[in-house]
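For reference, the structure is listed below as structure tokens.
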Amino acid sequence: SPIPLKAPQLACLTTLNMKVLLVLAALVGASLATDCLQCICNKESGCKPIGCVMDVGSLSCGYYQIKEPYYQDCGEPGKTSSDSLDTAWKRCADDYNC
């Protein structure tokens, strides 16, 4: 017959189970995020650096066809103090890893 567990042992098992579930959820979430980004890339540019195109009245650039306000919302990654916003946005959008 099973050995009965005491409250501290149950709490430890519950904490361990929660940690395992959190790690699994993070791994599944990361996989889904990667799949989602790949899908957007394929749809917007065929995952090729196509530069900028006019889209509904404003430019969309790069692999994901990112508009300038979205680049700004992301914190302007890769922008240096000597870059204009326009230059940094277009360069980042054309860099798959940016």
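Glycine is treated like the rest: Cβ placed from N, Cα and C.
In TrEMBL, annotation is done automatically, which means it is predicted and not curated.
As annotated by TrEMBL, signal peptide applies to 1-33.
Annotation source TrEMBL lists disulfide bond at C41-C47 (among others). C41 (disulfide bond) has a Cβ environment of 17 other Cβ atoms inside 10 Å.
Taking all protein chains in view, 18 other C-beta atoms sit within 10 angstroms of the C-beta of E44 (active site, proton donor). For E44, the entry in TrEMBL reads active site, proton donor.
Within 10 Å of the C-beta atom of C61 (disulfide bond) sit 24 other C-beta atoms, taking all shown protein chains into account. Annotated disulfide bond per TrEMBL: C52-C61 (among others), in sequence order.
Summarising the annotation, TrEMBL assigns active site, nucleophile to D55. Just so you know, the Cβ of D55 (active site, nucleophile) picks up 12 other Cβ atoms within 10 Å once every protein chain is counted.
With a 10 A radius on its CB, C92 (disulfide bond) counts 20 other CB atoms from all the protein chains. According to TrEMBL, the disulfide bond annotation covers C92-C98 (among others).
Long-range Cβ contacts of C47 (disulfide bond) within its own chain (separation 6+, distance under 8 Å): Q38, C41, Y63, Y96.
Counting every protein chain shown, the number of other Cβ atoms lying within 10 Å of the Cβ of C98 (disulfide bond) is 16. There are 18 other Cβ atoms within 10 Å of the Cβ belonging to C52 (disulfide bond). Within 10 Å of the Cα of C92 (disulfide bond), not one of the recorded positions from the list E44, C52, D55 places its own Cα.
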